[in-house]
Amino acid sequence: MMRGEFGEASSLSRSPSSPLQTEPHPQSPKFYRNHYVFSGDHSSYNSSSRFCLRSPSDYSLSSYFSNGLCSSEDGSSQFASPPLDGLMTKYNFGGDDLGLCESFDLLNVGEEDKTHHQTQRSSFGNYEANGDGGFRYYSGFGVDQKDHQISNSWNLGMQSCNMNNYSVPVHGKSGVGALFDHQGISSNPNESLPKVSEFQGYVYFMAKDQHGCRFLQWIFEDGSALDALVIFSEVIPHVVELMMDPFGNYLMQKLLDVCNEEQRTQIILMVTSEPGQLIRISLNAYGTRVVQRLVESIKTRKQISLVKSALRPGFLNLIRDLNGNHVIQRCLQCLSTEDNEFIFEDATKFCIDIATHRHGCCVLQKCIAYSSGLQREKLVTEISRNSLFLAQDPYGNYAVQFVLELRDFSAIAAMLAQLKGHYVELSMQKFSSHMVERCLTHCPESRPQIVRELISVPHFDILIQDPYANFVIQAALAVTKGSLHATLVEVIRPHSILRNNPYCKRIFSRNLLKN
């Protein structure tokens, strides 16, 4: 069952090993519809550890969790209210569903309390992207909750935390409808919110929850230094796991932005404590974001050295991975040429493997662009030496084209020597034909040799009708001049009968055949 999803009680089983389950609260209220259950994955390491609410006796209501004060409309929050459908009263809230009990009598709430609409309440509601951490403040909840009537302890086995001290009214809002009204979010920066110290011991669990994670990020922005220190001290043992968590990774990115150099070094020491650990994080869809942010933020020689040493053993895996290649690119962007030496050396060593890979070919071009001097010369020379093979590869041909555009004359000379005598076969292949066109447009010195090879074909009519070679001939007609252009036109004209062929139409256009 997905997180925050409700179903029949018979479809789930309680996991006795879950650290988050609690014994039934002695004063738990009874629900009419006891066949509904709530289950959610809330384990620290084992996804099979679960907590679930299976019966009325298990509902130890919290004044800001179980009574719908912590509710997720899409069911994505692990801290969720009881089922939204069918478990709430209708007479007091104008049809809005919040997941409350059907009858206030079951909660031991008096008549005066039922109609008391001005009681101030706070809730941990759906977070909006406005930096409020997901906390909303409302008046007119409709139920004056009493500490002796409803347990104030968390339903997840957490300690009691009375939220009533932090309630701030939102004027003009009343009823349960305000809880889901985005306009009901308080924007007053002076309002007092719960302190992280009140959640001490549970920051790790909050970091893995969608709304809890956002609240913790808000603390880094507007909370006290003590609160930020509490968060850091509680997440530092779990940084590896949180970096690869769908929600925790955002907290780790924020932490790297706001922490000091000593704390950043602590984080780096944690993620590099085991061989291959930083590589594993970099290959993860969520972890790669945090490692990229880490690379952006490192400043000291110790930090840079630790990161380089941890990444180098997995260089080839990283550069060919959908997620990992972005870490290498971020190193190229953020580190100095000297610090990227290990990247340039390994890129030269594994040049063919990288150039012929979907992701690797892109990173190889970035390596050439960010390198200089001897480092660039080695990379370009390696590509030039293998240009004939690379030109025919779906991805390698891009590396050859990139070198051609650099206008490095020694590299181009070596490349043209490799390609000489193969222009016809290269022109008739899908990938290498692009490279021949690029030679014609960027290397004037290559044009005579290419044209001579093309017109020397015994059956030139086959060449101009080829789905790929016809583009090479068009490019040759467009860039050649003088006697070379005239020679090419003389060879083409006798085949004018083919002018209606779909591949020959542009070749026989008036503009291209002009002398």
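Backbone N, Cα and C define each Cβ position, glycine as well.
According to Swiss-Prot, the protein has these features:
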- 10-20: compositional bias 'Low complexity' (COMPBIAS)
- 174-515: domain 'PUM-HD' (DOMAIN)
- 1-33: region 'Disordered' (REGION)
- 198-233: repeat 'Pumilio 1' (REPEAT)
- 234-269: repeat 'Pumilio 2' (REPEAT)
- 270-308: repeat 'Pumilio 3' (REPEAT)
- 310-345: repeat 'Pumilio 4' (REPEAT)
- 346-381: repeat 'Pumilio 5' (REPEAT)
- 382-417: repeat 'Pumilio 6' (REPEAT)
- 418-456: repeat 'Pumilio 7' (REPEAT)
- 457-490: repeat 'Pumilio 8' (REPEAT)
- 1-70: transit peptide (TRANSIT)
- Note on the structure: When pLDDT is averaged across the repeat 'Pumilio 6' (382-417), the result is 95
- Run through the repeat 'Pumilio 4' (310-345) and tell me, per DSSP, how many residues are helix, strand and coil. 26 helix, 0 strand, 10 coil
- Note on the structure: For the repeat 'Pumilio 6' (382-417), the distant same-chain contacts (Cβ-Cβ under 8 Å, at least six residues beyond its ends) come to 348, 351-352, 355-358, 360-362, 364-365, 368, 426, 429, 431-432, 434-435, 438-439, 442-443, 445-446, 449
- Query: In the same chain, who gets a Cβ under 8 Å from the repeat 'Pumilio 7' (418-456) while lying at least 6 residues past its ends?
  - Reply: 384-385, 387-388, 391-394, 397, 400-401, 404-405, 407, 412, 463, 466, 468-469, 471-473, 475-476, 479-480, 484, 487-488, 491
- Note on the structure: Taking DSSP helix as H, G and I and strand as E and B, the repeat 'Pumilio 6' (382-417) has 29 helix, 0 strand, 7 coil
- Message: Give me the DSSP three-state residue breakdown of the repeat 'Pumilio 8' (457-490), ordered helix, strand, coil.
- Response: 25 helix, 0 strand, 9 coil
